[in-house]
Amino acid sequence: MSQTINQFIQVYKESNKQIKETINQVKNCFEQIQKQMDQEIIILQNMNQKLLNKEYLTFKSEINVIKQFYSKEKENLICINLINLKEQQIIEFNKILDTIKLMVPAQPKINNQENTDNEKISQSQGVSQKCEEQDVKKKKQKKQKKKQAKKFSEQGRELIYKGKFMEALSIFDSSIKLFDQDYDAYLGKGYALHNLNQYQEAIACYDKAISINPNDGNVYYNKGNILQSQLGFTLFTLNKYQEAIESYEKAISINPNNEHTWYNKGKKLQIDFLGLTLGNLAKYQEAIECYDKALSLNPYNDNTWYNKGQALSKISKFQDAIQCYDKAISINPYDFLSLNNKVGFTLHKLNKYKEAIECYNKALSINPNYYHTLCNKGFLLTKMNKYQDAIVCYDKGLSINPNFDDAWQKKGFALTQIHKDQEAIVCYDRAITLNPNFYDAWCDKGYSLEKLNQHQQAMECYEKALSINPNLEQAWYTKGGLLTKVNKYQEAILCYEQSSFLQSKE
């Protein structure tokens, strides 16, 4: 724009100069013409007077003046042409001037447009600045929310340490509401839900935590624990064990130096549910390897020694199992579980009954209300033919937990041995009511009914036991005995053969 204005200024100056020159030339030209015309007018007036006065001779001598007049006229014509040329220049100049006049008023429009553009730029800059301010404000608010969310997570963890899981759950929800990408909040919420037995919700929280941070072994460890916890509620959740083991393996791949992960993986591998080994999950040798890895990281964990002893008992390595239980007891003399299992899975199997009773008594001195130990002691006393003492132990255990089906079955067996079959049948029925698939109780009830000569009912009990567990050797044997009594020898032989076959596999 400045360049255009400078061009206009230059044009103005040049035109102004030309106008001045033209004015001067025209002025001089007109002045000369006027002067000549005045002189010639006088001459012509004199000649006309002479002609009127008939002064022919004088007039003749001045004829040249007329000739010169015509010559002057030519000069005047030249001058007039010059004037015409200047007029043409003036016309051209006026055209330039008109163009300038048209352009000059456009200048305010240009300025106005520039002002409008500047206003738009200013407005745009204002909007941009406002957006930046809003972004800064939002980032600040987000940072504050994230900071507050972290505080809530810390409060939630403190409540968990105090066992206040419902309160912790509410706090973690507040944290997640402020910042839904807080890994710690989901981890803590999952743990709280786990302890409130809300397993599916807890798993959902752990999965969310994994999506936020897939490289933290703690969340896989916790998820494995919760998948294991579900087993106690429904057989449908048995498939969760494989998923639990996979979670532990993922945790180990991230952090192989966490003893608890190795320990829990070992526990899952040796799980036994309702007396039925969970197929390939009951990999006792692999479980033992996990316990060894955990013990290499921490050799002073009595629980690990105890569980290793259990796994060794499952594969009939009883002496090795006893060493593990003794190690656990040396670390924790009040570990009544190790004392109990040292008997139940080892000394008992080795027929070291006296030592076994001593271990049971030691365990009961630590925890006199542990009904499993009372039941196991009663069973050992039954093996020692001390049936009345055994019944006392069973009654003590049932007074603590009247829904302990195993104690009812074992008490019934002790009563059968002292020929109290009617009382025994009552105990078996109680056990079956608590656990309809308790095949040992069905088999023992059949034997008591057989002793009471209720053969048809006895046979139905044997058949029921075998329908639940066709590999129950004792049921085949007692069924064969009953068939012999009713003179069905061929069928009895088949039962005895099946019993012998199963016994040979043990």
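Glycine is treated like the rest: Cβ placed from N, Cα and C.
Summarising the annotation, TrEMBL assigns compositional bias 'Polar residues' to 111-128.
If you look up TrEMBL, you'll see 111-150 marked as region 'Disordered'.
The compositional bias 'Basic residues' annotation in TrEMBL covers 137-150.
Feature annotation from TrEMBL assigns repeat 'TPR' to 183-216 (among others).
Annotation source TrEMBL lists repeat 'TPR' at 225-258 (among others).
Taken from TrEMBL, the feature repeat 'TPR' covers 268-301 (among others).
Under 8 Å from some Cβ of the repeat 'TPR' (302-335) lie the Cβ atoms of residues 259, 263, 266-267, 270, 272, 282, 284-285, 287-288, 291-292, 294-295, 341-342, 345-347, 349-350, 366, all in the same chain and six or more residues away from its ends. For 302-335 (among others), the entry in TrEMBL reads repeat 'TPR'.
Listed by sequence, the residues of this chain that lie at least six past the ends of the repeat 'TPR' (337-370) yet keep a Cβ under 8 A from its Cβ atoms are 302, 305-306, 309-310, 313-314, 316, 318-319, 321-322, 325-326, 328-329, 376-377, 380-381, 383-384, 400. Here TrEMBL flags 337-370 (among others) as repeat 'TPR'.
Residues annotated as repeat 'TPR' in TrEMBL: 371-404 (among others). Packing against the repeat 'TPR' (371-404) from elsewhere in the chain are residues 336, 340, 343-344, 348, 353, 356-357, 360-361, 363-364, 410-411, 413-415, 417-418, 434: each is 6 or more residues past its ends and has a CB under 8 Å from a CB in it.
Taken from TrEMBL, the feature repeat 'TPR' applies to 405-438 (among others). Mean pLDDT, taken over the repeat 'TPR' (405-438), works out to 97 on the 0 to 100 scale.
Annotation source TrEMBL lists repeat 'TPR' at 439-472 (among others). Long-range contacts of the repeat 'TPR' (439-472) within its own chain (CB-CB distance under 8 A, at least 6 residues past either end) are made by residues 405, 408-409, 412-413, 416, 419, 421-422, 424-425, 428-429, 431-432, 478-479, 481-482, 485-486, 502.
Here the repeat 'TPR' (405-438) has Cβ contacts under 8 Å with residues 274, 371, 374-375, 378-379, 382, 385, 387-388, 390-391, 394-395, 397-398, 444-445, 447-449, 451-452, 468 of the same chain, all six or more residues outside its ends.
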